[in-house]
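Student: Dropping the structure in here first, questions after.
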Amino acid sequence: MRIALIAHDNKKDELLHFIKRYEHVLATHTLCATNSTGRLIAENTNLMVHRYQSGPLGGDQQIGSEIATGNVDFVFFLRDPLTAQPHEPDITALLRICDVHNIPVATNFATAEILVESVL
């Protein structure tokens, strides 16, 4: 499976903890991420991660393009719902493209754990 990993700044440490917990599962899949999320994962795990631009610089749109062309099967997008994001339209577009292409997307840990435990 091809999995995209994205996290807002206030969720990056939590995502890293989640990824470390399931590193043995994620290691068998192809991973991509926005730049700073991917760098954090690469520096703190043994996982290989293809990195796109940071979200505000177009990374969300790059991953959206990968979804639209059939190159992503799952998205883990841990959003910070309590902090306004300057690139909110890009985030909305990414979630929309997931819906258009019927791509499962986890925006919180409960959903992410269900996906990992039941599908991956």
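Backbone N, Cα and C atoms are what each Cβ position is placed from, and that goes for glycine too.
Worth saying up front: this structure is predicted, and the values here are computed from it rather than measured.
Annotation comment: Swiss-Prot describes D60 as active site, proton donor/acceptor. Among the features that Swiss-Prot reports, substrate binding site is placed at H8, K12, S54, G55, H87. Look at Swiss-Prot and you will find 1-120 tagged as domain 'MGS-like', backed by sequence analysis.
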Student: Test of understanding: give the count of other CB atoms lying within 10 angstroms of the CB of G55 (substrate binding site).
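Tutor: Around G55 (substrate binding site), other Cβ atoms within 10 Å: 26.
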Student: Long-range same-chain neighbours of H87 (substrate binding site), Cβ under 8 Å, sequence gap at least 6?
Tutor: G55, P56, D60
Student: What is the maximum Cα to Cα distance, in Å and rounded to a whole number, among the residues H8, K12, S54, G55, H87 annotated as binding substrate?
Tutor: 17
Student: Under the DSSP assignment, what numbers of helix, strand and coil residues are found in the domain 'MGS-like' (1-120)?
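Tutor: The composition, in the requested order, is 63 helix, 20 strand, 37 coil.
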Student: Give me the non-local Cβ neighbours of H8 (substrate binding site): same chain, 6+ apart in sequence, Cβ-Cβ under 8 Å, ordered along the sequence.
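Tutor: Set apart from H8 (substrate binding site) by at least 6 residues yet with Cβ under 8 Å, we have G55, L78, R79, D80, T83, Q85.
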